[in-house]
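Peer 1: A single structure is presented below for examination.
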Amino acid sequence: MERAMEHLNVQLNRLTRSLRRARTVELPEDSETAVYTLMPMVMADQHRSVSELLLNSKFDVNYAFGRVKRSLLHIAANCGSVECLVLLLKRGANPNYQDISGCTPLHLAARNGQKKCMGRLLEYNADVNICNNEGLTAIHWLAVNGRTELLHDLVQHVTNVDVEDAMGQTALHVACQNGHKTTVQCLLDSGADINRPNVSGATPLYFACSHGQRDTAQILLLRGAKYLPDRNGVTPLDLCVQGGYGETCEILIQHHGRLFQTLIQMTQNDDIKENMLRQVLEHVSQQNDSNYQRILTSLAEVATTNGHKLLSLSSNFEVQTKSLLRIIRIFCHVFCLGPSSPNNGNDMGYNGNKTPRSQVFKPLELLWHSLDEWLVLISTELEKEITDTTRSSSGNDIASLFLKKQEVDHSVSSENPQLLLDASSVMKTPEVYADGQDVISMIANRLSAVIQAFYMCCSCQMPHGMTSPRFIEFVCKHDEVLKCFVTRNPKIIFNHFHFLLECPELMSRFMHIIKGQPFKDRCEWFYEHLLAGQPDSDMVHRPVNENDILLVHRDSLFRSSCEVVSKSSNEKLKQGIAVRFHGEEGMGQGVVREWFDILSNEIINPDYALFTQSADGTTFQPNSNSSVNPDHLNYFRFAGQILGLALYHRQLVNIYFTRSFYKHILGIPVSYQDVSSIDPEYAKNLQWILDNDISDLGLELTFSVETDVFGTMEEVPLKPGGTTIQVTQDNKEEYVQLVTELRMTRAIQPQINAFLQGFHTFIPPSLIQLFDEYELELLLSGMPEIDVMDWKRNTEYTSGYDLQEPVIQWFWEVVENLTQEERVLLLQFVTGSSRVPHGGFAFLMGGSGLQKFTVAAVPYTSNLLPTSSTCINMLKLPEYPSKDVLRDRLLVALHCGSYGYTMA
């Protein structure tokens with residue numbers, strides 16, 4: 001009985017202690033259960049509770065548990081629970097026990113910077129030289145995290161400070177890579193090998209440069225680190241340039257002066273990213289004026305050498321062109337970062353007024369002189385070609401031209417004659433060079449590339465938007481030769497004569513040649529320059545910032561769109577457009593296309609009085625009375641923005657304008673024929689005046705017209721004093737042109753100006769002038785007719801369908817019998833746009849570029865309608881049992897389901 005009472009008291013005492021401490025007071029006998037009971041206490045460093053539980057327990061403190069098989073000592077070291085750590089050590093915990101990854105408690109304490117735990121572990125003979133499975137010791141962890149204060153305590157216990165991990169990396173390697181200056185100094189003071197290579201031959205300096213660690217690189221160099229490549233020949237400088245680490249590169253050059261020329265020569269290495277190289281040279285040049293002058297002078301010398309190589313027919317044209325233009329781009333970039341100086345067009349010393357800053361261009365004058373000599377000699381030969389009576393003499397003269405040029409150019413590079421034209425090779429291959437035209441065509445590309453370089457150098461010294469007087473003079477001087485070049489090879493315009501797009505005064509000289517090039521080539525040139533410097537404009541492929549989404553309302557699309565576009569950044573709109581209709585989930589390219597499509601219809605909505613329908617009933621012209629809408633000019637500006645945005649992002653709009661309005665956009669003067677779009681009868685009268693002699697008709701016309709101004713007829717002069725100037729047979733053409741401009745331009749000039757202000761926000765005038773009014777209509781609105789055969793040819797099938805399937809054959813039979821309006825509805829239903837791109841269905845765009853019209857099979861159920869995924873131009877067509885059912889369901893979908901989006 002007494003024993004029973006005693007046992008009961010023990011139980012009650014245990015219960016009381018447990019309840020008071022809110023935990024168990026005895027460890028379970030099962031080790032797995034026991035360790036998970038102790039672990040949270042160890043993590044919280046509740047050493048008294050742990051001590052009490054271990055007091056009368058047989059629990060093995062070295063018991064390994066969990067996936068990585070760690071002991072409680074690992075947990076204490078990892079969490080910094082120093083009291084529990086000491087308790088466990090006193091109870092026999094093994095300080096060198098390794099978990100499944102080979103880590104000891106000391107590794108974990110070092111990794112997490114647990115200084116007190118490290119000290120206690122060392123007191124209990126923790127081995128600092130143990131490596132984990134990756135070969136990392138405790139000092140590697142300290143080096144990775146820059147725990148210098150702990151490293152001082154630990155390094156005295158280390159037998160080999162250069163112990164290597166599995167990749168042959170020492171603690172010094174990783175400290176340099178991570179930029180821990182004091183850690184690097186501590187390791188070096190402790191005898192670390194400053195030039196020790198890892199398995200790939202990379203030294204600590206190599207590691208510092210690979211991550212742009214300027215300060216650690218400087219410490220190493222000051223301590224005598226050698227400049228060594230790895231086993232693949234990659235040097236620390238290579239790494240600095242590849243990463244764009246200008247500061248680290250500067251340190252290398254300070255300690256190894258020879259590397260400056262190595263850096264300059266890297267401008268010719270196409271494997272190095274140009275933007276990284278520019279970044280490095282930009283930093284180095286900005287340190288002092290000496291660096292700035294030296295870099296630019298050296299770049300100019302390298303460019304001159306490359307330019308003369310390019311002028312040699314024995315060199316690789318593609319390689320040398322790319323190299324020259326790359327060097328010149330870098331040169332101009334660095335030059336523009338220099339100190340500002342008066343810029344009056346003479347900065348290159350064209351009139352003997354050289355500034356110190358312009359002296360860096362001096363080496364290039366040799367190349368420009370050679371270019372000028374070439375063009376003069378070719379001009380002379382072309383003149384002879386016109387007067388020569390035999391072709392052989394022309395060929396001989398061209399061969400003489402090469403001989404003469406070699407004599408001139410040998411003065412530039414007498415030490416390396418291979419850089420220049422090999423005249424002997426010209427003479428040895430008369431079958432190639434006998435025709436002077438062939439020789440000129442061969443050298444034209446090379447000279448044109450040098451001309452491009454010359455323009456870049458001239459432009460970088462001029463204020464933005466101004467053309468260098470020297471370059472204009474150069475083009476005018478060699479006008480005939482340059483026109484000869486582009487006539488023989490029009491591709492030169494698109495490849496090298498980019499200056500035409502930036503110099504209106506020069507563009508007019510070549511416009512007739514440019515307009516003669518294929519529309520496709522001009523489109524490519526247009527978009528190449530329009531999108532230059534812009535990232536991928538397809539917002540579908542990157543996360544969309546909610547603040548950048550254009551949230552619009554279907555029931556007030558015009559006004560809500562105008563409001564959100566006006567609040568948006570133009571630069572962000574150029575980068576990409578994301579549209580969401582209020583209350584709808586769908587987003588993506590299909591929604592963007594629909595937005596442009598519907599919005600273009602709203603622009604010509606009579607309620608806004610912006611545009612009026614022309615006489616042909618299909619095109620629109622700005623409304624001269626649009627001022628009835630107080631915000632009409634703001635709305636015209638918005639309309640211009642929308643058309644500019646659509647063209648920028650290659651989206652089609654569902655609107656066609658009069659030819660005269662397209663001319664206004666292009667800056668082309670209107671003609672009297674354009675009047676027919678708004679007043680056909682009046683246009684006929686103007687035509688009659690031009691076609692007939694009016695001398696004796698007694699028309700009594702003056703250079704003025706009567707017009708209704710707010711209900712009152714007023715006489716408006718067509719030019720100053722026009723009311724008193726009679727229209728005669730001699731001046732009737734001027735009269736017709738002026739009256740045309742009054743009706744077609746002056747009457748709507750404010751509207752045109754507002755529209756163009758918005759349009760030019762996204763489309764520069766210099767680019768749009770590459771096209772005529774018919775081509776502009778194609779660019780903006782696509783093909784007006786839908787070619788079913790072209791549609792069929794450029795359709796793909798999936799999910800079990802192919803062209804031979806009965807359902808597909810029925811589908812095309814139905815499409816062929818649809819009205820033009822129904823075909824437009826079908827196209828809009830599937831693609832989100834009611835227009836076919838220029839070039840036909842083969843150029844349909846999807847969310848990721850070109851995406852053909854696709855028909856996918858869907859299992860049929862009664863009354864199931866076709867659906868679509870507009871982002872990928874896919875029609876999901878059920879497997880209908882007959883053509884009649886297919887036609888019925890398709891028409892229901894088209895007439896009732898053309899608008900509205902849900903998530904696919």
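Each Cβ is built from the backbone N, Cα and C atoms, and glycine gets one as well.
Per Swiss-Prot, the features are:
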REPEAT    34-63  repeat 'ANK 1'
REPEAT    101-130  repeat 'ANK 3'
REPEAT    134-163  repeat 'ANK 4'
REPEAT    200-230  repeat 'ANK 6'
DOMAIN    569-904  domain 'HECT'
Peer 1: Using DSSP, tally how many residues of the repeat 'ANK 1' (34-63) sit in helix, strand and coil.
Peer 2: 19 helix, 0 strand, 11 coil
Peer 1: In the same chain, which residue numbers or ranges, 6 or more beyond the ends of the repeat 'ANK 3' (101-130), come under 8 angstroms Cβ to Cβ?
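Peer 2: The answer is 68, 71, 73-74, 76-82, 85-86, 89, 95, 136-139, 141-142, 144-145, 147, 149-150, 153-154, 157-160, 163.
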Peer 1: Any residues 6+ beyond the ends of the repeat 'ANK 6' (200-230) with a Cβ under 8 Å from its own?
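Peer 2: Tertiary neighbours of the repeat 'ANK 6' (200-230) are 167-170, 172-181, 184-185, 188, 194, 236-240, 243-245, 247-248, 250-252, 255-256, 259.
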Peer 1: Take the domain 'HECT' (569-904) and average the pLDDT across it for me.
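Peer 2: Its mean pLDDT is 87.
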